[in-house]
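Reviewing the structure listed below.
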């Protein structure tokens, strides 16, 4: 994959350089759209079950003949706290299983290629949608808490492995700074445009039938299977996840050789019959290889102060951004809206995200790099862009916390969305001379995604606890998670300021 990138001619036509990105963008659309179609209706499925249980015990007069309760009666504190705890547990379990699966899946990628790993990543999403259909439609057989079994399937891969793969392949397809930054912007804007379409589609379909979004989810995941097969050939022969050597001899070599770190993370594997016949045989070297992978992972971080500083900022921003998962519940509870109505509000935020990342940021980057006064100072441009994005995020999240009326919230969400360009600048910093070195290359993205996963892992239970406490406080205190998030963003800005130029 690196060989292809290094030998690309500067004169390569835009068509030839951008076309490999199309299957990747299509895959992103399918996966993220399916996730959006699952997340929003799941809140209503859980709330409905908890609400039915509550009123069946305390006030059966509001329970309809078919066992349903009007959604607006479900915004009471007891039901919302139950929803917060169950959703928080499910998010935490999913992140933990995703992180645990990362290293084993690097060896699966070594043996079978990245396409197999991506196909495995579709299984948890499909199972969780199918399981929600089962649990939701058979309330007398399965308790609401049975939904927590779904996230355990993230042992077959999740966001950490998927995102690491996407960012590494995106970087490999780009030849130089402006193109790389633009590609990152395209990938990010794709995510945000799906986040615009997703809640809108989920809101509309769940208004027609609560179970329709889950069936659409499964259909999109089926379409993702052949899309993975369309990815560039390099995606099937190299692992972009962890710095694991493909050589068995290297597993027992304790001498550090920087040249071993270069190249693809896992060497290409030939699809020989013997390769598949021994796929599930016991490998006595597996544990030493995992230990060796962790040791090499540590070596990539130690002695690189700027990289360590940037990793800390990634952790903090991932921790702070965990508040976005609360938004739909926050809007629904604070303004007593249905989840379908709250979904439309999220789409307005995502529309700003898309416009910023697809149109504004790439134009700013190209204009700045064309200027003789800025040319050659890409690092400084990324640094200023990152700090500006964090500052806007601080203001936006504070406004979300203080928005007492829904029209104030709309303006706050638009402001908060303007800070969404942060990944474009920070991911570009990872590949800049300020951070990158000759013996790290694509492994750095894997480490970044692991750190971001750790931030989300801490953020999920933290935001759950804060949200439950916010419900208890009521009034202005209901914005507690967002006040805390603003403080964490400020800490991230201080960390980024410590980068040494």
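The backbone N, Cα and C atoms fix where each Cβ goes, and this holds for glycine too.
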For the region 'Disordered' entry in TrEMBL, name the matching range from 211-242, 243-274, 275-306. 243-274
Of the ranges 74-97, 146-169, which one does TrEMBL flag as transmembrane segment? 146-169
Please find, within the list 49-70, 181-202, the residue stretch that TrEMBL describes as transmembrane segment. 181-202
Looking at 320-339, 480-499, I want to know which stretch TrEMBL calls transmembrane segment. 480-499
Given the transmembrane segment (20-40), its same-chain partners at Cβ distance under 8 Å and 6+ residues beyond its ends are 118, 121-122, 125, 128-129, 132, 162, 166, 169-170, 173, 183, 186-187, 190-191, 194-195, 197-199, 201-203, 205-206, 213-214, 216-217, 220-221, 223-224, 227-228, 230-232, 328, 339, 343, 346
What stretch, picked from 116-134, 214-235, 342-361, 480-499, has the most CB pairs under 8 A with the transmembrane segment (181-202)? 342-361
